[in-house]
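Just below is one structure, and these are the notes that go with it.
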Amino acid sequence: MTKFIFVTGGVVSSIGKGIVAASLGRLLKSRDYSVSILKLDPYINIDPGTMSPFQHGEVFVTQDGAETDLDLGHYERFTDTSMSRLNSVTTGSIYQAVIMRERRGDYNGGTVQVIPHITNEIKERILSVAKETNPSVVITEIGGTVGDIESLPFLEAIRQLRKQVGRQNVLYMHVTLMPYIASAGEMKTKPTQHSVKELRSIGIQPDILVCRSDRPIPRGLKQKLSEFCDVPVECVITSQDARSIYEVPLILEGEGLAEQTLKLLQMEQRQPNLEKWQAMVQGLYSPKHTVEIAIVGKYVSLGDAYLSVVEALRHAAIATQGDLQLRWINSEDLETQAPETYLAGVDGIVVPGGFGTRGVDGKIAAIKYARDRQIPFLGLCLGMQCSVIEWARNVGGLAGANSAEFDSTTKYPVINLLPEQQDVVDLGGTMRLGVYPCHILPNTLASKLYQAEIIQERHRHRYEFNNDYRQLLLDSGYVISGTSPDGRLVEIVEYPQHPFFISCQFHPEFQSRPNTPHPLFTGFVQAAIAQSHPTANFQTPVKVS
């Protein structure tokens, strides 16, 4: 029987429920339990695919093409398990499903209500994850904060589910804040007490409290929370601020979170195997070489817009013993200032994905700077398209070359709409999404990095390289190193007369993991370190020359 763990949050938003859920998943998996993690988001959007990155952060794409919350990226990276569209549920998708049933007449003329129809649909979504993959444990994170009106149907559904599947098969975990008041010189339990009171008024008694704090919580305060919140003192867990999110599983293991979870769910206690994770964290905290990477993007005012890119760079830095320093550059600034004003001194340049014409010329300027100055460059999705435009304009002799997305009247549309996108009207969920195979050509940088002929990568785009210009770019020295298996779609391009210059149409950042960094990122960071540390000795199998 699958066990169900529900993670709620109180006191403040952005308290770190996703990291707690992902960390618990890591701890259970280290004990050889299979885990799937589900996110319930209370917003009315069907999915985050059409939401602004400035509001929502990045859109994380699963293997099966679902556009999901960035927390699913944490789930995948921490548990090293691929999630699917079943692992992401929004209020909008719940209401859409119920309303479609009502329109079909499935409710036989009955009045459709939040209880039972909406709550039943929520419960069915949770149970479907267990049915699909039959994991030992399904961890469900409920978005928002207890007390928010938007979250009430989700909380009611998980309250009902305990009776439905059996009390011994459900655990409620509440993540709260324990603030330290400097003027009083003490930590305060009252916010947590009130948050638990709010949760109990809904009918949910938490089994475990995970208390976020910037310092250790004294035993006396844990005892106080135990008495006021009716939780065993050993189930009051400190989640102290860490230097890195990857240290959190180790902190929670030291607090006994997994042990208490297994005890409450009546599961077998097993010894954890966290040696590789501990070694990874140790590597993160003991770098040998400083490496500064510029991220030239359109949404840099919100770092979460490029969360998976940053984490993939971090994974690669760990593998290459690099101390990663990021220089965030708004691509619009490069449209009015010389690139060296912002890019001078960086060891590598990443141009990530995005949509729309704003800031594109700045991205193209950054790419030209990287190519001219022999600075390692990695282009992702839109970054790949911009690299093709830059080459076509400045090397291929196609003055004014552009993407049809940015200029529908351009004389040289080197990037064009995918044929299957021609008649698409709706924006949501209609792009080329999810995993597609890619054939790697031999004797290329891509083949040296991947060490494989066929790879699988995740996509999210409507536009592609225009094959009408394939031969022209090849003749001018550009190399196409990855295509769809039928050779029709160009997926990877590179410039061989350069220390490291490669771009891909897909999003490799979505498949990078702390202990298995993505080869494109590892090769890129290694090349960037070599810029400022030519004698660096890398303990990594990646060879880029």
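Cβ coordinates come from backbone N, Cα and C, glycine included.
Feature annotations, courtesy of Swiss-Prot:
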ACT_SITE  CYS381  active site, nucleophile
ACT_SITE  HIS507  active site
ACT_SITE  GLU509  active site
BINDING   SER13, LYS188, THR189, LYS190, PRO191, THR192, GLN193, LYS224  UTP binding site
BINDING   SER13, ASP148, ILE149, GLU150, LYS188, THR189, LYS190, PRO191, THR192, GLN193, LYS224  CTP binding site
BINDING   SER14, ILE15, GLY16, LYS17, GLY18, ILE19, ASP71  ATP binding site
BINDING   GLY354, LEU382, GLY383, MET384, GLN385, GLU405, ARG462  L-glutamine binding site
DOMAIN    292-534  domain 'Glutamine amidotransferase type-1'
REGION    1-267  region 'Amidoligase domain'
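Structural mapping of features recorded in Swiss-Prot.
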{"residue": "SER13", "record": "UTP binding site", "Cβ contacts under 8 Å, 6 or more apart": "GLY144, THR145"}
{"residue": "SER14", "record": "ATP binding site", "Cβ contacts under 8 Å, 6 or more apart": "none"}
{"residue": "ILE149", "record": "CTP binding site", "Cβ contacts under 8 Å, 6 or more apart": "none"}
{"residue": "THR189", "record": "UTP binding site", "Cβ contacts under 8 Å, 6 or more apart": "MET178, LEU221, LYS224, LEU225, PHE228"}
{"residue": "THR192", "record": "UTP binding site", "Cβ contacts under 8 Å, 6 or more apart": "GLY10, VAL11, THR176, LEU177, MET178, LEU209, CYS211, LEU225, CYS229"}
{"residue": "GLN193", "record": "UTP binding site", "Cβ contacts under 8 Å, 6 or more apart": "LEU225, PHE228, CYS229"}
{"residue": "GLY354", "record": "L-glutamine binding site", "Cβ contacts under 8 Å, 6 or more apart": "PRO53, GLY297, LYS298, TYR299, CYS381, LEU382"}
{"residue": "GLY383", "record": "L-glutamine binding site", "Cβ contacts under 8 Å, 6 or more apart": "VAL350, VAL351, PRO352, GLY353, LYS363, ILE367, SER503"}
{"residue": "GLN385", "record": "L-glutamine binding site", "Cβ contacts under 8 Å, 6 or more apart": "SER403, ILE415, TYR463, PHE465, GLN505"}
{"residue": "GLU405", "record": "L-glutamine binding site", "Cβ contacts under 8 Å, 6 or more apart": "PHE355, GLY356, THR357, ILE415, LEU417, ARG462, TYR463"}
Exercise for the section: Mind computing the max CA-CA distance among SER13, LYS188, THR189, LYS190, PRO191, THR192, GLN193, LYS224, which the record assigns to UTP binding, rounded to whole Å? Expected result: 24
Completion exercise
binding-site residues GLY16, ASP71, LYS190 vs HIS507 (active site), shortest C-alpha separation belongs to ASP71
Fill in the blank from the handout: Looking only at the recorded positions LYS188, LYS190, PRO191, MET384, GLU509, LYS17 (ATP binding site) has its closest CA neighbour at PRO191
Handout entry: Under 8 Å by Cβ from LYS188 (UTP binding site), counting only residues of that chain that are 6 or more apart
Key = MET178, PRO179, TYR180, ILE181
Practice task
Going by Cα-Cα distance, pick out whichever of the binding-site residues ILE15, GLY16, GLY18, ASP71, MET384 is nearest to PRO191 (UTP binding site).
Solution key: ILE15
Handout entry: Chain-mates of SER14, ILE15, GLY16, LYS17, GLY18, ILE19, ASP71 with C-beta within 8 Å of site centroid, ATP
Key = GLY9, VAL20, ALA21, GLU141, VAL175
Exercise for the section: Determine the minimum-neighbour residue: among LYS17, LYS190, listed as binding-site residues, which Cβ has the fewest other Cβ atoms within 10 angstroms? Expected result: LYS190
Problem - Additional residues around L-glutamine, ordered along the sequence, whose Cβ is within 8 Å of the centroid of GLY354, LEU382, GLY383, MET384, GLN385, GLU405, ARG462 - result: GLY353, PHE355, CYS381, CYS386, SER403, ILE415, HIS461, TYR463
Fill in the blank from the handout: Residues near GLU509 (active site) by Cβ (under 8 Å) yet at least 6 apart in sequence within the same chain, in sequence order, are SER308, VAL309, GLU311, ALA312, PRO352, LEU380, HIS518, PHE521
Exercise for the section: Using C-alpha atoms only, work out the spacing between ASP71 (ATP binding site) and LYS190 (UTP binding site) and round it to an integer in Å. Expected result: 28
